[in-house]
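Peer 1: I'd like to ask you about the structure that follows.
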Amino acid sequence: MSKPVITRFAPSPTGYLHIGGARTALFNWLYAKHCGGKMLLRIEDTDRERSTEAATAAILDGLTWLGLDWDGEAISQFERAPRHREVAEELVANGKAYYCYASPEELEEMREKARAEGRPPRYDGRWRDRDPSEAPAGVKPVIRIKAPRDGETVVHDAVQGDVRFPNKDLDDFIILRSDGTPTYMHAVVVDDHDMGVTHIIRGDDHLTNAARQTIIYNAMGWDVPQMSHIPLIHGADGAKLSKRHGALGVDAYRAIGYLPAALRNYLVRLGWSHGDDEIMSTEQMIEWFDVKDINKGAARFDFQKLEAINGLYMRSSDDQALFDALVAVLPEIEGGKELAEALDDKGRAQLLLAMPGLKERAKTLVELADGAKFIFASRPLALDEKAASLLNDEGRAVLKPVYPVLEAVGEWTAESLDAAIRAHAEAEGLKLGKIAQPLRAALTGRATSPGVFDVLVVLGREESLARIGDQIG
């Protein structure tokens, strides 16, 4: 019987959860769900100077916001240091690793010699077979793995295929430093083994690490997990995604106003596809996702495409769910605090009533919030440039007879208002747009908004007439 699939996401808490890490977490999560397995979370916090609790919290928060849950408690790599030392000592006892007492001066000499001979710097193995009795007094050794010197180490990769590394290029690397702390290379192997990880899905910048880690697995006689090294994400210009391409952290995308479901949908398509399907539910992703379908080539991040997908998700969202998502993100967006303060019971009801019209025009929650500002604007409204041009003498003249028409409307509904304005336009020999444009400007201070009859309903009779009155004098 085959083992249950166990994947892991193992971020370093030295900063935010970046977009590449989010995609790696998503792929691990989807594959575990697809196989009926588990995804574990390990915080690789061995770099004590750079690791922070705030960064750990931000990573956990980012994963939770994206809807990526993990099984069990998050594991701290730093807290497992005694176990890492134990395995390193076991390797020495079994003749698979050794104490190295080479001084910094000796190591520098090796590097200089390699440079002079035009070869990559490599440790020359001088302590590999020496008798420990020759150890210099008072020197704390490092522990180095006894890497094979002949042949090659093969990484069997589900995405890249078999990747071969000549063993002559893989020196006896350090697994335990002289202060007793493990190297990243060693700690990762011990943790993955002890956690029962069966499948490792990570960026292809770890491919060379995979060869060295395979050597440690083999030295311990442990099964090597199935590796899948996925291509990195590049910007639209083909260069590795960096700050100059725009937002990098998941928290930034949240603050910009993307929906987690839309970001998930966009990320899953970066390097993986299912036919021509662009939009897919989480259930479909889980059903269809398989590492063997991940592309070898780098995926390009396209902000416009993400925005289009987010807009589609917003338009298809339930109004109440979108309202809740907007309210949740208000503290994080520019101008959001003022909008949040305006959301008393009446304001909340108005915003929810406006949602069908607002979401048709917005591609992000920030745009949605901006579109909703007219509801809470103080009178007299500040007009933007286009609105001011619509409310010139001609526009005000068109608007003046509209006031009594609206005042006379009995039932203040979009249908009744539409009928009244259309009848007035016909009687005056005007096209509807000739009235709707200055009317919209007077009601919202802008030239664009949801449908003008919807705006009238959201604002209500009293506020609508007052705003029109301000403009016609």
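Cβ atoms here come from the backbone N, Cα and C positions, even for glycine.
Below are the features I grabbed from Swiss-Prot:
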- LYS243: ATP binding site (BINDING)
- 113-133: compositional bias 'Basic and acidic residues' (COMPBIAS)
- 113-136: region 'Disordered' (REGION)
- 11-21: motif ''HIGH' region' (MOTIF)
- 240-244: motif ''KMSKS' region' (MOTIF)
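Quick one: where do these features end up spatially?
Peer 2: For LYS243 (ATP binding site), the Cβ neighbour count at a 10 Å cut-off comes to 8, with all displayed protein chains included.
Here the compositional bias 'Basic and acidic residues' (113-133) has, by DSSP, the following mix of helix, strand and coil residues: 6 helix, 0 strand, 15 coil.
Through the fold, the motif ''HIGH' region' (11-21) approaches residues 43-45, 47, 50-53, 55-56, 58-59, 62-63, 203, 232-233, 241, 247-253, 267, 301 of its own chain, all at least 6 residues removed from its boundaries and within a Cβ separation under 8 Å.
Non-local neighbours of the motif ''KMSKS' region' (240-244) in the same chain are 19-20, 232-234, 301; each lies 6+ residues outside the stretch with a CB under 8 Å from one of its CB atoms.
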Peer 1: In the predicted model, what is the mean pLDDT computed over the motif ''KMSKS' region' (240-244)?
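Peer 2: Averaging the confidence scores along the motif ''KMSKS' region' (240-244) gives 76.
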Peer 1: Reduce the DSSP letter at LYS243 (ATP binding site) to three states and note it down.
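Peer 2: Where LYS243 (ATP binding site) sits, the three-state DSSP reduction gives helix.
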Peer 1: DSSP says what for the motif ''HIGH' region' (11-21): how many helix, strand, coil residues?
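Peer 2: Its residues divide into 3 helix, 1 strand, 7 coil.
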